[in-house]
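Take a look at the structure below.
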Amino acid sequence: MTQSVCILGVTGSIGQSTLKILGQHPDKYSVFAVSAHSRISELVEICKQFRPKVVVVPEQKIAELKTLFAQQNISAIDVLAGQEGLVDIASHTDVDIVMAAIVGAAGLLPTLAAVKAGKRVLLANKEALVMSGEIMMQAARDHQALLLPVDSEHNAIFQSLPHNYLQADRTGQPQLGVSKILLTASGGPFLNHSLEQLVHVTPQKACKHPNWSMGQKISVDSATLMNKGLELIEACHLFSISEHFVTVVVHPQSIIHSMVQYVDGSTLAQMGNPDMCTPIAHALAWPERLQTNVPALDLFEYSQLNFQAPDTQKFPALNLARQAMRAGGLAPTILNAANEIAVEAFLMERIGFTSIPQVVEHTLEKLENTAAESIECILDKDKVARSVAQQYIKYWRLK
């Protein structure tokens, strides 16, 4: 019997890699529902091949989608709109597995809906957990959802931890013999740039990652090291560990995806070629394994693997994220919201590359940090933080 899959963000890089794996295993998985934000022509091609029962797009894209469906003689697919539609498919009774791959805060509510519906949730949307933190993790426990990490680093940590680690008490301290998590980072395309060179970075250059094929937003986050900062926060929540037990290690080759150190001196690492199909396949089938077309790692190709500490002077975003996690409450929500606005402004060439962390720092300083008591207060703070960041950028440009 096949398992039914819902893919939130099907036209993005994670969504495409997920389809690749599902297409290789039609005897195990079927696509029940998908969502897309803007690439409607690509969505139609996906629907022709995988024939989902339900599709969700923004309200303003429904007419375009239905026109293309009619032209391609595609029928028997329900079309839903907006956040309500996303929540509906993520929590649908016919869905077994939800791939949460919507980028940014927009993925929070549908991801939480999937968790509250007790689904197997493959978490690629790190921002959802950065914002909701323990609310999301408590919901997973209350509703017996299986929350499995898809980010290569968190998937590597998951594979390197004791098999029952997620069932251990959530104390913020390492459990079951674990002493530390080593979160690896490629360092991004500007690892060896000077501060002066970073001032002149363009969006085109920032979107060219040396090792991974990714969307624009995550590529820029990787270049600023904010992506690693968000992943640090995600790791703290997923594995219930305080931020000072998580060390970021720059590893330019992206072969070791992360490591776990133990009290007996052991260090366990998960290694592999940088291909998102590997962690996706792992999360889909865990505790079993799926065949993929990812080549096995050839160790003879690598004469050496390099490691170094991150330069937080050149890349202050990492420390901003660590400070937000340390502060707790709504600070991570403020951090994430301001970063999304700043990255969007950079991609539109409204601010420079080195201005991104400055916008984030200003917004964190401007807003009061209070307890994250509910999803409603998280969403309210997200909205306010975006407004503050936008106003700061607007003022900056007028100076």
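Note that Cβ sites are derived from N, Cα and C of the backbone, with glycine treated the same way.
Now, the feature entries from Swiss-Prot:
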- T11, G12, S13, I14, N125, E127, G215: NADPH binding site (BINDING)
- K126, S152, E153, S186, H209, S222, N227, K228, E231: 1-deoxy-D-xylulose 5-phosphate binding site (BINDING)
- D151, E153, E231: Mn(2+) binding site (BINDING)
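Feature map: Swiss-Prot annotations on the structure.
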{"residue": "S13", "record": "NADPH binding site", "Cβ neighbours (10 Å)": "18"}
{"residue": "I14", "record": "NADPH binding site", "Cβ neighbours (10 Å)": "27"}
{"residue": "N125", "record": "NADPH binding site", "Cβ neighbours (10 Å)": "28"}
{"residue": "K126", "record": "1-deoxy-D-xylulose 5-phosphate binding site", "Cβ neighbours (10 Å)": "28"}
{"residue": "E127", "record": "NADPH binding site", "Cβ neighbours (10 Å)": "27"}
{"residue": "D151", "record": "Mn(2+) binding site", "Cβ neighbours (10 Å)": "27"}
{"residue": "E153", "record": "1-deoxy-D-xylulose 5-phosphate binding site", "Cβ neighbours (10 Å)": "28"}
{"residue": "G215", "record": "NADPH binding site", "Cβ neighbours (10 Å)": "16"}
{"residue": "N227", "record": "1-deoxy-D-xylulose 5-phosphate binding site", "Cβ neighbours (10 Å)": "27"}
{"residue": "E231", "record": "1-deoxy-D-xylulose 5-phosphate binding site", "Cβ neighbours (10 Å)": "31"}
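Between the CA atoms of I14 (NADPH binding site) and K126 (1-deoxy-D-xylulose 5-phosphate binding site) there is a gap of 12 Å, rounded to the nearest whole number. A straight line from the CA of N125 (NADPH binding site) to the CA of E153 (1-deoxy-D-xylulose 5-phosphate binding site) spans 13 Å. Each residue contributes its Cα atom, and for D151 (Mn(2+) binding site) and K126 (1-deoxy-D-xylulose 5-phosphate binding site) these two points are 8 Å apart. Under DSSP, D151 (Mn(2+) binding site) is assigned to coil, being neither helix nor strand in the three-state scheme.
Here the Cα atom of E231 (1-deoxy-D-xylulose 5-phosphate binding site) is found 9 Å from that of E127 (NADPH binding site). Here the C-alpha separation of E153 (1-deoxy-D-xylulose 5-phosphate binding site) and E127 (NADPH binding site) works out to 15 Å. Annotated pair G215 (NADPH binding site) and N227 (1-deoxy-D-xylulose 5-phosphate binding site), C-alpha to C-alpha distance, rounded: 12 Å. Within 10 Å of the C-beta atom of T11 (NADPH binding site) sit 22 other C-beta atoms, taking all shown protein chains into account. S13 (NADPH binding site) sits 15 Å from K126 (1-deoxy-D-xylulose 5-phosphate binding site), taking the Cα positions as reference. On the backbone, the CA of N227 (1-deoxy-D-xylulose 5-phosphate binding site) and the CA of G12 (NADPH binding site) stand 17 Å apart.
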